[in-house]
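**Q** Would you mind keeping the following structure in view while I ask a few things?
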Amino acid sequence: MSATYTNTITQRRKTAKVRQQQQHQWTGSDLSGESNERLHFRSRSTNSMQQHTAISNSPSPLCCNGARALTMLNCCVDVNCHLNAPLRGSVNRHTTPTPTPTATPTPVATPKQASPSPTSDRSRSLSRSPSPSRSRSLSCQKQIDKNSAGAASAEERKTANASSQPFTVNLRIDLFSWTLFLLAFGTRFYKLATPPHIVFDELHYGKYISMYMRNIFFFDQHPPLGKQLIAGLVSLAGYDGNYTFTRIGEPYSPEMPIFWFRFLPAMCGSLLAPAVYNLLLEAKLSRWSSALGGLLVVLDNSLLTQSRFVLMESMLLLATTVGIACLLRFQRSRLGSLEWFFTGTAAAVCLGAAGTVKYVGFLALGLAFYLLCRHLWQLLYDAGLTDRQLWMHAISRLLIFVGIPLAVYLGVFYIHFKTLHRAGPHDSIMTSAFQASLDGGLASITKGQPLAVVHGSQITLRHTHGRTCWLHSHAAVYPVRYPDKRGSSHQQQVTCYSFKDVNNWWLVKRPTKENLVVGDEPDIIRHGEIIQLVHGITSRALNSHDVAAAMTPQCQEVSCYIDYEIKMAGELLWRVEILNRDSEGDIWHAIKSEVRLVHVSTEASLKFSGRQLPEWGFNQHEVVADREKAIHEDAIWNVEEHRYTQTEDHRERERQMLTAEMIPTKRTRISFWAKLLELQSKMLFQTKSVPNHMYSSMPHEWPLMDKGIAYWLDSQSSAQIYLLGNILLWYTATMGILVYAGLLAFYAMRRQRLCFDISEQEWQRFVLAGDTFFMGYVMHYIPYFCVDRTLFLHNYLPAFVFKLLLLCFVVEHLDYLLRRFCTGRGVHLVRLYRLMLILWLVGVLSIFSKFIPFSYGARKMTLNEVRSLRWKDTWDFVLHKNHHLY
């Protein structure tokens, strides 16, 4: 037997030399993919420990395929290979007898004689495993002869082909994904230009897109990316932006490219189904469960309706879904690899784009940060990672998922400001400096006006931050007593008025001077100097005293002093404090200087209170004097319109104020960062709410779809577009949330008791679904309970998509539990469960088709048809012919 063993070894040495010329140097990284079962050599020998030690320390024997095998690895999948005997157990060895190793075996080769293995043993075994007929028909000796003849493995052929054709791309088509896309495309694009009328928020978004086409500045509470993309598309379709969007339901003009206006939202809605499918695959769900998720997206009526019109939700949902899918792939990629770089960049770009379409998209970015932190926390348990590698993981994620979304956001707003450089109807909401930077904006009222404020200046004082209004007074006085029985000074009212008016003009006066005419050497007002402000029309000076304000009794009343010849003397002195003098200097300048006017007698600051006066104050906004020392934004003012007094005659001054002309001139310039900060503050803190809207709803009404939204009604029939979801799908998805939460609590308690009901692999999938889908739902739903503005059902759609994803996982997990625990006769429960799923899916399809007229608005519906679809009393469908609400 020893001679036979030696002859076999000699022949294998020759084979190894041939393979050495064909293959590359083996590297240890090829061992990383080995399974745990093949990482341990379990010797079946019953010899002594000394024999085992001697064998393990001896030079590695040669495998049946001619390459040197590692001691801790079986060389191949051939059961007749003698090196596999300890792993395979008792096998039939008809071809090559297995020699029994001795305590001191004969060395089979020296390091110089043995050729290093160019690839891992597993890669060679896998290259042969796809050919079972060859492994069955050929013996181990024939396999050696075939290898010695120069036959390359499949992996080697793949490498050779890649080297010879470096610019080739292997294309793989997923039929599930393409089928879902085609189904969604057909439903979204069917009669896309119908109805040819303004539908719901197309009124607002259409206006903004038209202003983009004409470069006119507008103000919107949401970021501009979605509107920019649609504007770019319709500009290619020949739209010039001259259509006037006046009211919901108004017909579009024949020249209006309705199809191209609605194309991008519809395309994003079509891509959402395959995006959901791929996201579920990345979450380790089966293809059938993933396909179910994509199909449910196609069959939901609310997602269909929202993606057929000029609305932003479909773009938001697509960017969110693709971003999270790329993030999951990114976390499984090797640090620094090409896949790691591209998937991380794609995830960051998509999540940044989601937040730049609507602010709610930043909730998805928050979910991404949560997933990244969870993954980093898990990496801390990996003993194979050094501290340097852990820091690289953390820093690279921070740079990618902070830097790239921030760059996307800033880039979109840079384009926004560069495009919208002309003044428009929304200018007044911005500060004077911002308006002055627009073509034909505030520059129209600053032509030729002096810069420095002096004794004798005629000015309008604008509330700089927050609500747009100007310091205003009129002849009316405060009531003697307020409804709460408090008394007032009965002085002339001072308010903050939201419109341009002649009563907004004030005169700046030195307390020691009477002549208001500005001479050749103007008396410039500087920081810290004392002035009086005299109302231009009534000629009464701005005053404050220790009398409680009308609507804000904790602050002082501000008035224009009327001398009633009583003991209450006027307190008319105000100190000018320039707050931005570090950049603008100590001289009080028009437009750019931000000032606080402090009442000298009481040290109270002139402040906009934010409250509205009743009818006796003409519903204008209250102005008070606040003794709070801290600088508040509502106490900051700036001079907007400014000119010097040229005459002492009061009537002539009044005539000049009434007939002042606004002539356009060149615009001033402010930095991009100044514009961005101002616009962001307005967008975040000055959003207009629609009180008591008949179709508004509360967050607790969304999971069970208690209220919908009427988007459009045909003027001739009861055909309408009404936002409703697939009620069976919505209710089932809500139950899925409860089922997952219950299972999570159950598993957590059982695992605490060291009872492991499911496999570790399934538990990891369960946790991943919770981290991604359950947390995604919570993070997109709970914040709305803290929002103080009018909300609608479509605000729930991002959370609904995550709820849909979680439902797909729950469906698959329940199937797993039934297959695991219902064995034997219980297998009928698995079949029954799957039959119920099919029936449920048929029900979802049936409800989708029944309510589809509300998504398209193309079919005229009778009164009875509309009534038959009112399944809940809270659904307020709109009816024609004197039936406004049912």
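The backbone N, Cα and C atoms fix where each Cβ goes, and this holds for glycine too.
Annotated compositional bias 'Polar residues' per Swiss-Prot: 1-10, 18-34, in sequence order. As annotated by Swiss-Prot, compositional bias 'Low complexity' applies to 105-139. Annotation comment: Swiss-Prot describes ASN161, ASN242 as N-linked glycosylation site. The transmembrane segment feature in Swiss-Prot is assigned to 256-276, 310-330, 349-369, 398-418, 727-747, 791-811, 835-855; the stated evidence is sequence analysis. If you look up Swiss-Prot, you'll see 585-642 marked as domain 'MIR 3'.
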**Q** Measuring CB to CB from ASN242 (N-linked glycosylation site), give everything in the same chain under 8 Å that is also at least six residues away in sequence.
**A** SER210, ARG214
**Q** Averaged over the domain 'MIR 3' (585-642), what pLDDT does the prediction give?
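**A** A mean pLDDT of 91 is what the model gives the domain 'MIR 3' (585-642).
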**Q** Residues sitting near the transmembrane segment (349-369): Cβ under 8 Å, six or more positions beyond its termini, same chain?
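**A** Residues 222-226, 312-313, 315-316, 319-320, 322-324, 326-327, 401, 404-409, 412, 684, 772, 775-776, 779-780, 783, 795, 798.
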**Q** Going by DSSP assignments with H, G and I as helix and E and B as strand, what are the residue counts for the domain 'MIR 3' (585-642)?
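**A** Counts, helix then strand then coil: 6 helix, 27 strand, 25 coil.
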**Q** Work out the three-state DSSP category of ASN242 (N-linked glycosylation site).
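**A** Where ASN242 (N-linked glycosylation site) sits, the three-state DSSP reduction gives coil.
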**Q** Same chain only, please: residues at least 6 beyond the ends of the transmembrane segment (791-811) with a C-beta under 8 Å from a C-beta of the stretch. Say none if there are none.
**A** 272, 276, 279-280, 283, 285, 289-290, 292-293, 296-297, 300, 302-303, 306, 311, 313, 316-317, 320-321, 360, 363-364, 693, 695-699, 702-703, 705, 707-709, 723, 725, 729-730, 732-734, 736-737, 739-740, 743, 765, 769, 772-774, 776-777, 780-781, 784, 837
